[in-house]
Amino acid sequence: MSETFEPVIGLIGGSGVYDIDGLTDKEWKTIDTPWGAPSDALLHGRLDGVRCVFLPRHGRGHPIPPSRLNYRANIAALKIAGVTDIVSLSAVGSLREDLSPGTFVIIDQFIDRSFAREKSFFDTGCVAHVAMADPLCPRIGDILDSTARELALSVVRGGTYLVMEGPQFSTRAESELYRSWGCAVIGMTNMPEAKLAREAELCYATVAMVTDYDCWHDDHDSVTVDAVVKVMTANAANARALVRAVIPRLGTPRGPCPAGCDRALDHAIITSPDARDPALVEKLRSIAGRVLA
Ligand SMILES: CSC[C@H]1O[C@H](OP(=O)(O)O)[C@H](O)[C@@H]1O
Ligand SMILES: Nc1ncnc2[nH]cnc12
């Protein structure tokens, strides 16, 4: 039987989520990474004894737009802090009538239409190709889903999150196109975040919190930040309750991830050891040390 360990839970807070309450032993700690500075200091603490590390994705006060986030630094900072499991909290627009504002969607797929972002820790001098067929950790997703149901939240398990570049919201034609592709929700941030979490061998799951119907719906002409923030504020109490209830469950000692998120690099690096750039390899040790020993 394989050994168990105590998971450390990383929480990435999106629009409207800039703090986590109920944490004990709270301390904001600044951290730097080989990829630069993350969006903000990391908030370390414990919930029911479980070690948690929170990062406000856009920084406190929301100064950083989706295209300017240093996604590599954010994920590297969490990895360096000892995080093993990430729950990403995100505001999204709905692309389906049945996903009304207030619904929490535990997504299971992405279509990545972002284009102006650094998407890999690996580079010339050390090339890796990780599997992304199942981009979200099903173990964490199932725990989020069952916990939300027990709390009687409006939750849907499964759905595709379309990642757009932004920062402008979609045109009506784009919104209809993504609907015709069968996408459930739309947002601007979860890629490359999920790709980088996979490269860093972190389990990663998203609670996509619906704030609006995007622009395809008769209910509104266009999306506005005001409307999004209003619904997000209403969602916040539910988000807090979900985080509060789910962390003790995620923090239970466990073995390796059944889906293999924590072994994503086992067969991913293609560059032969003698062709690797030593400086890049040194940088990569903080996120891929397990396979670069
Ligand atoms: C304020 S609405 C647009 C903004 O909200 C979402 O961000 P996050 O995933 O961090 O909650 C969306 O992707 C946009 O960045
Ligand atoms: N309609 C929308 N499009 C993109 N990102 C969003 N975040 C919240 N609502 C959104």
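Every residue gets a Cβ built from N, Cα and C, even glycine.
These numbers come from a predicted model, not from an experiment.
Going by what TrEMBL states, the phosphate site holds Ser15, Arg57, His58, Ser90, Ala91, and the candidate of Thr147, Thr160, Thr171, Thr189 recorded there is Thr189.
Candidate recorded positions: Ser90, Ser170, Thr189, Asp212, Asp214. Those with a Cβ under 6 Å from ligand 1, in sequence order, are Ser90, Thr189. Cα-Cα distance from Arg57 (phosphate binding site) to Asp214 (substrate binding site): 22 Å (rounded to the nearest whole number). Using a 10 angstroms CA-CA radius around Ser90 (phosphate binding site), the recorded positions that qualify from Met188, Asp212, Tyr213, Asp214, Val225 are Met188.
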